[in-house]
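Quick look at what Swiss-Prot annotates:
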type	residues	note
BINDING	69, 71, 87, 90	Zn(2+) binding site
BINDING	489, 491, 493	Mg(2+) binding site
């Protein structure tokens with residue numbers, strides 16, 4: 001389907017009978033309209049050709065071989081525009097055989113049939129709109145009971161029989177016995193309604209705006225009543241209010257999409273294109289057919305039987321007609337969703353038939369396996385591992401995957417640089433893994449983004465673009481900040497990598513899909529690139545420190561050994577009695593850590609700017625140390641003040657660790673970079 005902006009899209013919803021017939025009908029030169037499948041046959045057992053008006057009819061679905069009709073005549077497609085496009089004898093159109101992948105047919109049902117998705121799936125849309133119990137509607141659909149039509153001021157059979165109830169449970173055993181087929185049909189059309197036709201009438205009589213108004217009034221009345229004091233009654237009222245909300249939302253959706261509720265009852269049943277339900281000949285001359293073909297045959301057999309009962313048979317009891325309508329309803333239910341809330345239908349080998357729902361739903365369905373998860377060229381797959389040294393917009397590709405994905409680009413580069421005279425020599429250089437191959441691969445990857453996808457792709461952040469870099473190993477390296485968008489972790493998850501080929505795809509990847517341009521959740525607007533899992537553990541370990549305060553050196557001999565026999569430049573830091581290091585800048589502390597003179601979690605004193613905010617006004621020093629020159633140090637829980645003889649503050653030291661310093665510097669650099677970028681943008 002193509003919308004007004006020329007975008008290809010797929011829309012799933014209910015359609016009108018007119019739209020179904022428009023999809024299938026074709027007008028032949030003699031004025032005959034074809035498109036309706038009336039016979040349950042597939043191929044003739046002698047000629048091995050599709051049966052006319054059957055499930056594989058060439059008049060309805062197109063020729064099996066391009067440009068060849070059922071008679072065997074051949075015509076070049078599009079060569080002679082003046083000649084008729086249809087064969088005059090068999091009525092087959094001269095067209096490409098690929099039309100059998102999308103040309104549909106239809107079955108004209110002899111009675112209305114309820115779509116099982118809207119009736120039996122929970123929540124039931126039909127039950128919600130009609131505000132009736134699902135069990136009652138199922139009994140009505142499967143002809144277990146009926147309801148009387150309101151006919152005012154007219155004598156009716158039901159009045160004569162004294163049956164004035166709205167729902168008549170006893171019709172199945174009494175009323176049909178009085179009529180033949182035509183008589184019962186007349187009686188039913190005039191006085192009672194049953195089957196899917198009754199559902200269709202009630203849906204057609206609905207005014208959705210009145211449904212919304214009545215539901216809203218009832219919801220407000222229930223809300224004004226308040227609590228009854230009975231827990232069971234309160235729960236019942238709560239469930240009723242939830243139901244009314246769902247009913248209003250459903251009615252609004254029908255109004256917004258301009259869909260008529262009676263479309264949930266089928267009069268025409270679409271028939272899938274033959275290529276989507278093939279019959280394949282295997283070794284030994286045996287045929288292997290899709291289960292959907294057998295289910296379609298079952299529907300056509302029962303529908304044709306019902307048609308014959310309604311048209312030709314004049315003495316058949318009305319009860320038999322009702323039973324046949326029930327069989328048609330069950331056959332269509334099995335075709336659309338086999339076994340929904342019941343026992344599934346099985347073949348002779350006790351194997352469950354795969355219905356239309358089974359074909360499209362689930363991990364192995366048409367959408368997830370064939371359309372979304374199918375194998376494509378220029379793609380690869382591997383396990384993901386954390387890449388902490390990567391930028392947010394980069395990903396690490398293993399050499400083995402990268403050379404396969406970009407092989408055609410590398411071959412073109414080798415030929416352009418006159419390093420290979422033809423494709424064969426270029427491929428041999430790639431197989432031998434010559435150094436020049438990796439250089440050209442690096443150049444190609446610098447200007448070509450890749451797409452990473454993690455199944456299931458439930459929202460748009462399931463596919464993001466990255467700038468690839470070569471890494472060793474066989475796993476894809478990923479920045480941990482992008483894991484939340486993919487719903488990925490590093491416990492064995494796999495991701496697929498794709499190469500956008502066209503210029504439009506590359507432009508879309510760069511402008512819309514790069515990971516650093518998708519920092520907010522499209523659903524709620526919250527930041528989605530937040531530290532999770534490995535990053536949180538790393539930040540915890542980095543800033544864990546030692547929680548024993550200033551007494552750590554005095555009572556932990558293991559830490560004291562870290563400083564024994566260490567000679568340190570007095571310009572960088574000096575020792576106290578407990579050998580607790582003093583640093584005059586964060587650079588000195590990080591340098592000492594890189595030289596392995598201190599460990600990551602070792603408490604240290606870092607000189608801080610004279611900021612009075614770090615000093616608690618009511619805090620009492622834990623210890624005061626006096627120097628020989630009259631200066632002294634006031635030691636608190638997390639900071640230290642050096643005062644002069646006149647009690648003036650000379651300097652302040654804060655208690656920290658190398659891990660805290662590293663974390664603080666990373667945040668500071670990030671904030672400064674953001675401020676610079678913001679100032680440039682404004």
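Going from the start of the chain as shown, residues are counted 1 onward.
Yeah, the Cβs are placed from backbone N, Cα and C, and that goes for glycine too.
Feature map: Swiss-Prot annotations on the structure.
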residue	record	DSSP (3 states)
69	Zn(2+) binding site	coil
87	Zn(2+) binding site	coil
489	Mg(2+) binding site	coil
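Considering only the binding-site residues 489, 491, 493, the residue whose Cα is spatially closest to the Cα of residue 71 (Zn(2+) binding site) is 493. On the backbone, the CA of residue 69 (Zn(2+) binding site) and the CA of residue 493 (Mg(2+) binding site) stand 52 Å apart. The two recorded residues, residue 87 (Zn(2+) binding site) and residue 489 (Mg(2+) binding site), have Cα atoms 61 Å apart.
The sparsest Cβ neighbourhood within 10 Å, among the listed binding-site residues (69, 71, 87, 90), is found at 71. Rounded to a whole value, the Cα-Cα separation of residue 90 (Zn(2+) binding site) and residue 493 (Mg(2+) binding site) is 56 Å.
Sequence-distant neighbours of residue 489 (Mg(2+) binding site) (same chain, 6+ residues apart, CB-CB distance under 8 A): 483, 533. Sitting within 8 Å of the Cβ centre of 69, 71, 87, 90, and not among those site residues for Zn(2+), are the Cβ atoms of 70, 72, 73, 88, 89, 91, 92. Minimal Cβ crowding within 10 Å, among the binding-site residues 491, 493, is found at 491.
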